[in-house]
Amino acid sequence: MFAQQLMNGLMLGGIYALVAVSFTLTIGILNFLNFSIPALFMLGGVVSCALLAAGVPAVGAAAGALAATGLASLLVERCTFRWLSTSDPHIPLVSSLGFLIFFENLVLVYFGSDAVGYPSPFARASVKVSDLTVSLPQTGGFLLALVLVALCYVLLKYTKLGRGLRSIAESPAIAEMLGVKVGWTVSSVYLVSGLLAGIGGILFGISYLQVSWDMGSEVALKGVSAMVLGGMGNVWGAVLGALIIAVIEVMTIAYLNSEAVNVFVYGLLLVIIAFCPRGLLGDRVKMAERM
Amino acid sequence: MSGYALQIGAILCVHVIAAYAAYMTLAAGQLNLGIAGFMALGAYGSAVLSNAGWAMPQSIAGAVLLASLVGLCVSYPVLRARGIYLTIATLAFSEVVVALILNMESLGAASGLVVVGHLGFWPILWVTLGVVALVVFLASTRFGLCLTAIRNDAQGAAVFGVRTRRIEVTAFTIGAALAGLAGALYAHHFSYVEAQRFNVLLSTYAVLYTLLGGLQTPLGPLVGAALFTLAPELLRGTDEWRYVTFGAVIVVLMLLRSEGLFTRSFIHNLMHRRPAT
C-alpha cells in the first residue's frame with residue numbers, strides 16, 4: 001500500500017515538475033510570473049485529445065499539440081515581455097492573466113465544460129511487479145519529465161543559448177551591450193517554457209485519461225508552490241519541490257481524505273516561506289531582489 | 001430597481017471593496033493573492049456571530065475585527081518574504097483558510113452554512129461609499145504618501161526616514177480588514193456561504209480589477225471593479241463568448257493603457273482642455 005502510494009506520488013510529481021520548471025524559467029530569467037502557463041498546459045492536453053479523437057496518429061497529435069502551445073506561448077511573449085523592462089512589474093502579470101481567461105474560455109466554447117475522456121493510444125497498460133501495479137504510460141511520462149528537466153539544466157548551464165539566458169537574468173541591458181540577441185533569446189525562453197507546460201498537459205492526459213478546460217489551474221497552483229518550495233530560478237529545486245508536494249498530496253488522499261490535501265500542501269509552503277523565505281535550495285539566480 | 005439590478009449592484013459593491021483590499025497592499029508595491037482567504041474569514045466569522053444571536057452590525061464589525069487581527073498576525077511572517085515569495089505566501093494562507101473551513105463539520109464543511117439575517121442592497125451601497133471615502137482620505141494623508149514612496153522605491157523611502165515595515169504591515173492589515181468586510185457583506189446579502197466560493201480566482205479578480213483600473217489614484221479600483229463587473233453583464237447577449245472577449249479586452253487594454261484606465265493624466269485631460277505633457 002505505502003510503496004504503491006509513494007510511486008503514484010512520484011508519477012504525479014513528474015507532471016508537477018514540468019510545470020514548475022516551466023514557471024521557474026520565466027521567473028528566474030525574466031523575473032516574470034507567467035500566469036498563462038496553466039492555459040498552455042491545458043492546450044497541450046486538450047489539443048492532443050481533440051486530434052487523437054479526430055483519428056490523427058499519436059505522433060501527429062503530440063506534434064500538433066506542441067505546435068499549438070508553442071505558438072500560444074510566442075503570442076503571450078509578444079504581448080507581455082515588451083513591457084517587462086519599461087514599467088510596473090504587475091502589467092505583464094495582468095496581460096498573462098488575460099491570456100489565461102482568453103484561452104480557457106475559448107476551449108470552453110469549443111470543448112464544453114465537462115471533462116472529456118482522453119483517447120490515449122496506451123490506455124491503461126500496466127505491469128505487475130510483486131504486489132505493485134506499475135502503469136507504463138505514467139512511468140514513461142515520469143522518465144520523460146526527468147530527461148526533459150535534465151536537458152533544460154544542460155541547456156542553461158553549458159550551451160551558448162544558456163549563457164545568453166543567464167546573462168539576461170543578470171541584466172538585460174548589459175547582455176545586449178555584450179552582443180546577446182536579447183529579443184531572440186527571450187523568445188526561446190518562452191518557447192521552451194511553453195513547450196514544457198504543453199508536454200506536461202499531454203502527459204497528464206496519457207496518465208489520468210481525462211482532460212478539461214480547467215485542468216490547468218489546480219496543477220499550476222501546485223507547480224508554482226513546488227517552484228517556491230524548491231527556490232525560484234533553480235531547476236532541480238523545482239523538481240524536488242514538485243516531488244515533495246505530489247507525495248504529500250497522494251499520501252493525504254490515501255490515508256486521510258481529499259479535503260485535507262490543501263491544509264498540508266499549503267500549510268507546509270507557508271511554514272517554509274516564513275522560516276526560509278528563499279525556498280529549500282535557495283534561488284541560484286538571485287532574481288527576487290529586483291521585484 | 002428590479003431584483004436583478006439590485007443583485008448585480010450588491011455583487012458590484014462586494015467586488016469594489018475586495019478591489020480596495022487588493023489596492024491597499026498593491027499601493028505598497030506588494031501583490032496580495034490572499035484576498036479570498038480574508039473574505040472567507042469575514043464571511044464565516046460574521047455568519048457564526050449572527051447565528052449565535054448577535055445583531056447584524058455587531059457581527060459584521062466582529063468579523064472585520066477578526067480578519068484584521070489575523071491579517072496583522074499573518075503580515076509579520078509573510079512580509080519577511082518579498083515579491084513573488086510574498087504573493088505565494090498569501091496565496092498559500094488563503095488556501096489553508098479555505099481548506100480548514102472545508103474540514104470543519106461545525107462550519108458546514110463542503111455543504112456551506114446558512115446565515116441568519118439578510119442585508120439589502122442599499123446598506124451595502126452606503127458601506128461601500130464609506131470604504132471609498134476612507135481610502136481616498138487615506139491616500140491624501142502622510143500614510144498615503146508613504147505608500148506611494150515605498151511602491152516607487154522602498155530603499156529610497158527608508159533612507160528618507162519612512163518606517164517601511166510599519167507602513168507595509170498597516171497597509172496589509174487594512175487590506176485584510178476590507179476583505180473581511182467584503183466577505184461579511186457577501187455572507188449577509190446571500191444569507192448563505194460556501195467555502196469553495198473563496199478560491200484563487202476570487203483573489204485574482206480582485207487584483208485584476210485594481211490593476212486594470214490603475215494604481216495611480218485611489219479611484220482606480222472603483223473604476224476597474226465597476227467596469228469589469230458590469231461589462232460581462234452587458235455582454236450577456238453574446239453568452240458563452242463573453243469571457244473570451246473579456247480575456248482579449250484585458251490583453252488589448254494592457255497593450256494600449258499599461259498604467260491602467262484611470263490615470264492621473266486621464267483625470268488631467270478630463271479637467272483641462274490641453275493634454276498633460
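Backbone N, Cα and C define each Cβ position, glycine as well.
Just so you know, TrEMBL annotations never went through curation; they're auto-generated.
Marked as transmembrane segment by TrEMBL: B:6-26 (among others).
Per TrEMBL, transmembrane segment is recorded for B:33-54 (among others).
The transmembrane segment annotation in TrEMBL covers B:60-79 (among others).
Residues or ranges marked as transmembrane segment by TrEMBL: B:84-104 (among others).
Marked as transmembrane segment by TrEMBL: B:124-148 (among others). The list of residues near the transmembrane segment (B:124-148) in space but at least 6 beyond its ends in sequence, with Cβ under 8 angstroms from a Cβ of it, reads 9-10, 13-14, 16-17, 20, 23-24, 27-28, 157, 162, 167, 170-171, 174, 178, 181, 185, 189, 217-219, 221-222.
The transmembrane segment annotation in TrEMBL covers B:169-187 (among others). With a cut-off of 8 Å between Cβ atoms, the residues of this chain six or more beyond the transmembrane segment (B:169-187) that come close are 10, 13-14, 17-18, 20-25, 27-28, 30, 32, 35-47, 59-60, 63-64, 66-68, 70-72, 74-76, 78-79, 115, 119, 124, 127, 131, 138, 143, 147, 193, 198, 206.
Residues or ranges marked as transmembrane segment in TrEMBL: B:207-231 (among others). Sequence-distant contacts of the transmembrane segment (B:207-231) (same chain, at least 6 residues past either end, Cβ-Cβ under 8 Å): 8, 11-12, 15-16, 18-20, 22-23, 26-27, 31-33, 35, 132, 135-136, 138-139, 144, 151, 246, 249-250, 253, 259-264, 267.
Taken from TrEMBL, the feature transmembrane segment covers B:243-267 (among others).
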Distal contacts, the transmembrane segment (B:60-79) - CB-CB under 8 A, six or more residues away: 30, 34, 38, 41-43, 45-46, 49, 54, 86, 89-90, 93, 165, 168-169, 172-177, 179-181, 183-185, 188
